[in-house]
Amino acid sequence: MDNTSKVHKLMELAELARLPRRKEVEGAVIVIKVGGHAMVDPAARSSIIKDIVTLRELGALPVIVHGGGPEIDAMVKRMGMTPSFVAGIRVTDDETLEIVRMVLVGNVSPDIVSLIMRHGGKGVGLLGSSGSLLIARKKPMEKVKVDGKEIMVDYGWVGDTEQVNTSILMDLLDKGYIPVISPIGYDRDGHCLNLNADTVAGDIASALKAGSLVSLTDVNGVMMDPSDKSTLLSHLTEKECEDLIERGIISRGMIPKIRSSLCVLKAGAHSVHIINGNIEHALLLELLTEKGVGTRLTLK
């Protein structure tokens, strides 16, 4: 970074320091789930990571959990397979698990870490086996309602987080790093499991007693009508979320996102935010201004 760039950066930080909620992020752990769809566009991806590095420079302690849905789907199709989902969860057989590992650990995570470095931060990629970060258990078969009918579903090599080793994350945060976590866990017998990135972000936020959880997606937030941006719901309580799920307004992949968000709030987080990562500086606007740009969830 040359001297001119450094001066511009200092001026930018000074402006951000005057925003209404700047003090709320200082010293706070902020878990940021970056969705695969929000990271497809290279310019948006770079902007998101730049804002995360800026939060670190403002005194926040960001932790990134990334997905990779579009990239995984593309590779699955390239291998002549068809992506399979039930209730927003990817059904993961042996071949799909190998693709998930290859894409997340080999492509998505290194790309995010390199962008952090490019914007002046220090990133480090992690997965469940890194210092036993994510101990998981295989998801059992369960009854799921599909098209009005209950069916038994075997998700394959899909897991739920059982334990989060927070010490490795806190050590990295204390040393100035931004952890970048791939949602791949291991059970106590060493079997690899595909984890839902939204759920992992929630589990990590709960374990770290994070101040906020932010989910960056390719939608503006929770909307009464997904095709009409004017129906964005800027604030929702737990009761309102449950009602919208029951009515089918919150559906598909948004359900695990909301469920994990509510668990994070019950664990002590002040707020959870669902925002569109394709909006320029959405992360900073949501966390540092009163109005925000997406949907803010609170218990009451």
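Glycine residues also receive a Cβ, built from the backbone N, Cα and C atoms like all the rest.
Copied over from Swiss-Prot:
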- G68, G69, R90, N194: substrate binding site (BINDING)
- K33: site 'Transition state stabilizer' (SITE)
- K257: site 'Transition state stabilizer' (SITE)
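Taking the Cα atom of each, K257 (site 'Transition state stabilizer') and K33 (site 'Transition state stabilizer') are about 10 angstrom apart. Counting in whole angstrom, N194 (substrate binding site) lies 16 from K33 (site 'Transition state stabilizer') by their C-alpha atoms. Between the alpha carbons (Cα) of R90 (substrate binding site) and K33 (site 'Transition state stabilizer') lies a span of roughly 18 Å. Residues G68, G69, R90, N194, recorded as binding substrate, reach a greatest CA to CA spacing of 12 Å.
Secondary structure at K257 (site 'Transition state stabilizer'), as computed by DSSP, is helix.
Neighbour counts of Cβ atoms within 10 Å were compared across the recorded positions K33, R90; the minimum falls on R90. Local packing around the binding-site residues G68, G69 was summarised as the count of other Cβ atoms within 10 Å of each Cβ; on this measure the leading residue is G68. Cβ contacts within 10 Å of N194 (substrate binding site), excluding its own Cβ and spanning all protein chains shown: 26. Its own atom aside, the Cβ of K257 (site 'Transition state stabilizer') has 25 Cβ atoms within 10 angstroms in the protein chains shown.
If you measure from the Cα atom of K33 (site 'Transition state stabilizer') to that of G68 (substrate binding site), you get 11 Å.
According to DSSP, K33 (site 'Transition state stabilizer') is assigned to a strand segment.
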